[in-house]
Amino acid sequence: MKEVTIIGAGLAGCEAAWQCAKRGIQVHLIEMRPTKKSPAFHTGNFAELVCSNSLRSNALNNAVGILKEELRILDSLILKTADETSVPAGSALAVDRTLFSEQITKAIKEHPNVRVTEKEVTEIPDGPVIIATGPLTSDAFAKTIDEYLETEPMHFYDAAAPIVEKDSIDFSKAYFKSRYDKGEASYINCPMNAEEFDRFYEALIHAECVKMHDFELKVFEGCMPIEEMARRGKKTMLFGPLKPVGLEKDENHHPVAVVQLRQDNVAGSLYNIVGFQTHLTWPEQRRVFSLIPGLENLRITRYGVMHRNSFLCAPRVLKETYQSKKREDLFFAGQLTGVEGYVESCASGLIAGINMARYLEGKEPIVFGNTCIMGSQAHYITHCTPEHFQPMNANFGIVELKEKCKKNMRKEKICQQALSRIEQIKEMLDE
């Protein structure tokens, strides 16, 4: 009998369980709730949505919209249920969170190939396993995973600057240059005159921040968010990340401040805003940072954050199939792997579930590849630089577009390419 143990009944764990069970694999799904509760959860149901009830855009000119369509094509339980329990939300897909989790719980528990155990797991079981315990993995199990994978502790506080899509930068205002022209002109520079700097400064110091918890205050001091730096004096940033010296466009150019962006991925489609770790709310990041000349229409693919992160350093420990590099019958899925967002977690669970079933059937796991959205996130988390790895949402910047096209056609071409790739995979799975 082919059997897999899946630990965690969140979005990723439930999707992985569904993909395995529908392929005839016996699934033992273990969830610690409601036996052991977490403060973030309110029920004992599976796939509980802790934050928003929105799964974001349905539009096919949006990366997460395409990702949803990919999931629908591959018979995702999560997307099927979301569609069935949707509530009006414009172009977004939002759900009745209670009906959504209840319906998924019912589907999983009633599947003849699934048995459920409610208990906390503190050791990695022998045999085929998918771990999908999420960012609130219990301390005991987190310690076990860290020790087994010989990786850094999963629980730590970190700071990250926003990452933006290069295509959203206005190069009639921004330009490439390295400070004092040393080496290649590898930085994008956004200069400000006095009036622009004053407007940005005032917006920054008065912007709304995420409420701090007591346990974060010490780290807050050590990481120095850009807004805190600004509050310590108007000129403080000018001797730090906004220092203009050596970044003049030409000899007649004398900016008061310069914001720099550094390339963040191999393809050169993503750039992070240097020194802009922040605790601003996400809407405020969009509002305030769009005051930077050249970033008026910025598209942020990863927001700046300062908080407790719980995830694996995927580039060190995972394969693109979501298998552990250390043990081929051990898979990981969900936010624990470094994907960010409800739909992204679901997609990782789908790939892990499909590939676990294939592993148990003696077939080669499928590498989805970075020409589709769900494959591009698997590729990103396992190929980026380990030292700078941070979770990321689905976005166009990490997708490889094989066909050259005009900029205004790029999203449409990515959509066509992505869905074509998923149809190929579906045919492969149906063989």
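Yeah, the Cβs are placed from backbone N, Cα and C, and that goes for glycine too.
Predicted automatically and left uncurated, TrEMBL annotations should be read as such.
Quantities reported herein were computed from a predicted structural model and do not represent experimental measurements.
Annotation comment: TrEMBL describes 4-364 as domain 'MnmG N-terminal'.
Per TrEMBL, FAD binding site is recorded for GLY8, ALA9, GLY10, LEU11, ALA12, GLY13. For LEU11 (FAD binding site), applying a Cβ distance below 8 Å and a minimum sequence separation of six or more within one chain yields ALA47, ILE78, GLY334, TYR342, SER345, CYS346, GLY349.
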(message) As a test of the contact definition, list every same-chain residue at least 6 positions from GLY13 (FAD binding site) whose Cβ is closer than 8 Å to its Cβ.
(response) ILE6, ILE7, LEU29, GLU31, PHE46, ILE130, ALA132, THR133, ALA333, GLY334, GLY349
(request) Tell me, if you would, which residue among ALA9, ALA12 (binding-site residues) has the fewest other CB atoms within 10 Å in the structure shown? (result) ALA9
(request) Give, as a single whole number between 0 and 100, the mean pLDDT over the domain 'MnmG N-terminal' (4-364). (result) 89
(message) Beyond the listed site residues GLY8, ALA9, GLY10, LEU11, ALA12, GLY13, identify every same-chain residue whose Cβ lies within 8 Å of the center of their Cβ atoms for the FAD site.
(response) ILE6, CYS14, GLU15, ALA16, PHE46, ALA47, ALA132, THR133, GLY134, ALA333, GLY334, SER345, GLY349
